[in-house]
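Engineer: Here's the feature list from TrEMBL:
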type	residues	note
ACT_SITE	B:Cys86	active site, nucleophile
ACT_SITE	B:His195	active site
ACT_SITE	B:Glu197	active site
Amino acid sequence: MGVIVVEVMPKPEILDPQGKAISTALPRLGFEGFTGVRQGKRFELTVDGEVTPEHLDAAAKAAESLLSNPIIEDVISVRELGGEA
Amino acid sequence: MVKIGVVTFPGTLDDRDAARAVRLAGAEAVELWHKDEDLKSVDAVVLPGGFSYGDYLRCGAISSLSPVMGKVIERAKAGMPVLGICNGFQVLCEAHLLPGALIRNDHQKFICRDQKLEVVRTDTPWTSKFTAGQEITVPLKNGEGNFVCDPDDLERIEGEGQVVFRYREFNPNGSMNDIAGVCNEAGNVVGLMPHPEHAVEAGFGPQSEAGPHGGTDGLGLFTSVLTQLVG
């Protein structure tokens, strides 16, 4: 079983209310020194057998057309899940 | 009689209200299901708001790919009037029929209030009964109603006159330039975040000079499209 990881983040110029809320909550728990937080999404797409270049290509297309909205988000990476994780 | 379709997605909350608004305006409301691939000869379509099903990815993203939307997109591009309210607005943005996108409110909270709006543009099929600059009050209820787009798009939308409604007095969600509603380049597709279908009958609408729940400002959208279609 292969897994492809797709990571999506809000564009830098787009407000990220969730990230902002987390950013203000961190110091309340004693986590000091972080000047900002951005919250994105991670998708894991599972395939039967090995991940092929075709799978990666299809995942990249899915990432651009469905998993992200190009108006507000950037696709950061489309890659095979490495190691034994 | 003019037929206006009202689409129901799984979990849709305000489809009955939208259908009632259509009937009060004097048209026939035609029920459409998200899996329908036939628009049943309707003359216009309303995508109502108030649902959450399929919002897991982004509001309106999954719904924008439903079978009925394929037909709505096709007919909208051919000039059919389409109105998206709240979640319907999000669906139209995700379907790329309208510019921009809607994200979480800047204050992170769900908000529900009577909202004053300025009608900016009156040459769309959904706003012809209003006068430019007119102030109307309709209920608003959303958690992800924050209209955003990149600076170039914002300049283009403003420059091309695609802003149809703007928030007055209070921006409830952080929307850029107080934008509450926009239209496509042709003007036939309109989306807005507040709910005109909840302000169509005295006794059931927002607070107004007509008394508690007396506001009927939302009816103008539905009578506008009727005027347009009857010619």
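Cβ coordinates are placed from backbone N, Cα and C, and glycine is handled just like the others.
Just so you know, TrEMBL annotations are computer predictions that nobody has curated.
Quantities reported herein were computed from a predicted structural model and do not represent experimental measurements.
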Engineer: Just counting, how many other CB atoms are there within 10 A of the CB of B:Glu197 (active site)?
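Structural biologist: 29, counting other Cβ atoms within 10 Å of B:Glu197 (active site).
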Engineer: I want to verify one value. Collapsing DSSP to three states, which class is the residue listed as 'active site, nucleophile'?
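Structural biologist: The three-state answer is coil.
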Engineer: Please report how many Å separate the Cα atom of B:Cys86 (active site, nucleophile) from that of B:Glu197 (active site), as a whole number.
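Structural biologist: Each residue's Cα considered, B:Cys86 (active site, nucleophile) and B:Glu197 (active site) end up 11 Å apart.
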Engineer: Identify, in sequence order, the residues in the chain of B:His195 (active site) that are 6 or more apart from it along the sequence and have a CB within less than 8 Å of its CB; answer 'none' if there are none.
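Structural biologist: Same-chain residues close to B:His195 (active site) (Cβ under 8 Å, separated by 6 or more) are B:Asp14, B:Asp17, B:Gly49, B:Gly50, B:Ile85, B:Cys86, B:Val138, B:Pro139, B:Leu140, B:Lys141, B:Gly218.
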Engineer: DSSP three-state call for B:His195 (active site): helix, strand or coil?
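Structural biologist: DSSP call for B:His195 (active site): coil, neither helix nor strand.
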